[in-house]
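Structure first, commentary second.
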Amino acid sequence: MGPSERPSIGWTPKEAEMQIGPQPDGWSRGWKPGDRGAVPLPLSPALSFLLLFPLASALQPTPLPFPELRLVGGPSRCRGRLEVMHSGSWGSVCDDDWDVVDANVVCRQLGCGLALPVPRPLAFGQGRGPIFLDNVECRGQEASLSECGSRGWGVHNCFHYEDVAVLCDEFLHTQPPTRKVLTSMAPATALQNGKGEGSVRLVGGASPCQGRVEILHGGVWGTVCDDDWGLQDAAVVCRQLGCGVALAATTNAFFGYGTGHILLDNVHCEGGEPRLAACQSLGWGVHNCGHHEDAGVLCAVLSPPTSTALPPSVTKEDWARHTGPAATGVGASPSRDTVWLTTAARASGKKSGRLRLVGGPSPCRGRVEVLYAGGWGTVCDDDWDFADARVACREAGCGPALGATGLGHFGYGRGPVLLDNVGCTGTEARLSDCFHLGWGQHNCGHHEDAGALCAGPEELGLQVQQAGSETTRMPSPRPRDGHLRLASGTHRCEGRVELFLGQRWGTVCDDAWDLRAAIVLCRQLGCGQALAAPGEAHFGPGRGPILLDNVKCRGDESTLLLCSHIRWDVHNCDHSEDASVLCQPL
């Protein structure tokens with residue numbers, strides 16, 4: 001494991017940096033309800049080594065009573081803003097270092113099943129009163145949050161707009177066996193591309209093209225460790241399985257813990273390899289991981305293509321352009337000469353006003369919502385596939401489809417779930433013309449909201465204009481907290497990074513800014529691959545507040561706000577240090 005990787009015991013680099021030096025009130029590495037004195041816990045070899053130094057005395061566990069926690073402000077007891085009780089009062093938890101591993105512990109403690117992806121900031125509002133915990137760090141196996149590390153009661157550097165929110169799948173333990181469950185471990189439902197050496201399969205996902213990555217070696221199936229796991233690696237897996245482009249590379253056993261051997265670690269794909277086994281790694285069976293680090297993928301196509309699944313008007317050439325190595329979407333390498341050209345003229349469509357895409361980086365990428373009886377509602381991802389996305393994109397006036405998403409990829413909707421088991425041929429004018437169970441008939445929750453990735457009018461216009469037609473640019477949506485934009489560049493995919501927060505636009509300081517942050521931002525904005533991450537106001541100094549500093553990304557985060565950073569508005573910069581990115585335009 002190289003210097004840039006996180007220690008396998010579960011600490012993040014940020015946490016390790018914080019521990020070398022004086023600690024506020026002592027670093028808590030676990031506590032038990034009812035304890036009053038310091039009770040040392042078993043220490044790993046790495047932590048024992050640190051105890052040889054004088055400063056390490058600050059790392060001794062400080063037992064803290066932790067009788068209760070709750071989720072408030074959400075639609076159910078299993079979804080909301082996290083609060084813990086201390087000394088008779090309820091308080092918030094700060095989101096520094098918070099991830100799905102920590103959320104899984106909370107969900108398990110509450111009897112709420114599996115944690116879903118970490119929601120956007122302020123998803124359930126801001127808390128009031130004290131902030132009790134910060135830098136919570138769980139390994140994933142803990143029975144309760146009280147066994148995880150933290151900085152200690154009341155020690156933090158946060159504000160309430162950093163309050164942790166948690167989404168659990170409360171249906172996990174009550175669903176019938178036939179209903180899809182995120183943690184399904186049955187290999188019988190897994191998609192795999194063969195039984196030969198180097199074959200891969202996805203296990204534990206809600207559809208055949210999502211799940212924990214397992215690979216076959218020496219006749220034995222094993223998992224892949226998430227050290228260095230990223231979107232290029234996921235792209236190879238999705239392509240090997242015929243599942244289109246990669247939407248996300250998941251870490252920290254997002255799709256549940258595997259069993260048996262860990263066969264690959266530090267996988268590094270260039271993105272063009274035909275098989276995962278062709279990528280660089282430490283070698284078969286060489287790793288320093290546990291199954292809490294099992295890698296996974298989410299691919300754009302929910303089900304793999306078959307020779308009989310293509311609608312009459314879709315040629316194999318069209319399908320290959322959307323699912324082959326050159327297909328362009330989130331995280332794929334762009335290829336202008338193969339994407340959209342053959343379908344642009346007949347796929348642009350006219351907006352019906354009865355379907356919209358929301359929650360995404362542009363008006364043509366997002367959660368699918370349909371209008372019925374005067375109200376908007378969502379579509380469940382049961383049977384949702386590329387043909388359905390084609391119709392949704394056409395009805396939205398957004399050109400050809402690039403991919404179909406599920407599992408609430410673009411956030412969780414509100415209100416009714418209006419359609420389920422949608423089955424389109426791909427030629428319908430409206431989504432409501434496709435087969436479905438009937439308006440309002442479903443067995444879903446909003447964690448199953450379907451989405452679509454469309455080429456969009458901007459990109460479509462490049463192709464349509466070549467054919468002698470005209471196109472109209474869609475107006476930009478009104479910004480909301482957390483929205484990002486690139487300013488002063490020559491096109492929409494390069495420029496100075498600006499963030500919208502509290503009804504104002506502000507900039508990002510270039511301290512610690514690097515290509516990994518650019519990768520996250522380019523992906524979030526629906527642009528191509530990150531080319532550079534210049535600092536020093538490369539595109540000129542901005543105005544207004546400097547909202548973020550010391551942004552540190554791994555590169556696989558879904559949004560820039562999930563990267564580690566100093567708390568809002570705290571920095572030591574001026575606008576001569578504004579951060580920028582250059583992304584390859586699509």
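Cβ coordinates are placed from backbone N, Cα and C, and glycine is handled just like the others.
Keep in mind the model is a prediction, meaning the values are calculated, not measured.
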CYS444 pairs with which of CYS380, CYS509, CYS522 in a disulfide, per Swiss-Prot? CYS380
If you check Swiss-Prot, which of CYS209, CYS225, CYS364, CYS393 bonds to CYS289 via a disulphide? CYS225
Tell me which of CYS393, CYS509, CYS522, CYS527 Swiss-Prot records as disulfide-bonded to CYS454. CYS393
Counting Cβ atoms within 10 Å of each Cβ, the densest environment among the disulfide-bonded residues CYS269, CYS563 belongs to CYS269
Averaging the per-residue pLDDT over the domain 'SRCR 3' (355-455), what integer do you get? 86
Counted with DSSP (H/G/I as helix, E/B as strand, rest coil), the domain 'SRCR 3' (355-455) has 16 helix, 37 strand, 48 coil
Fewest neighbouring Cβ atoms within 10 Å among the disulfide-bonded residues CYS299, CYS424, CYS434, CYS522, CYS553 goes to CYS434
Of the disulfide-bonded residues listed as CYS168, CYS289, CYS509, CYS573, the one whose CA lies nearest the CA of CYS393 (disulfide bond): CYS168
Taking helix as H, G and I and strand as E and B in DSSP, count the residues of the domain 'SRCR 4' (484-584) in helix, strand and coil. 16 helix, 29 strand, 56 coil
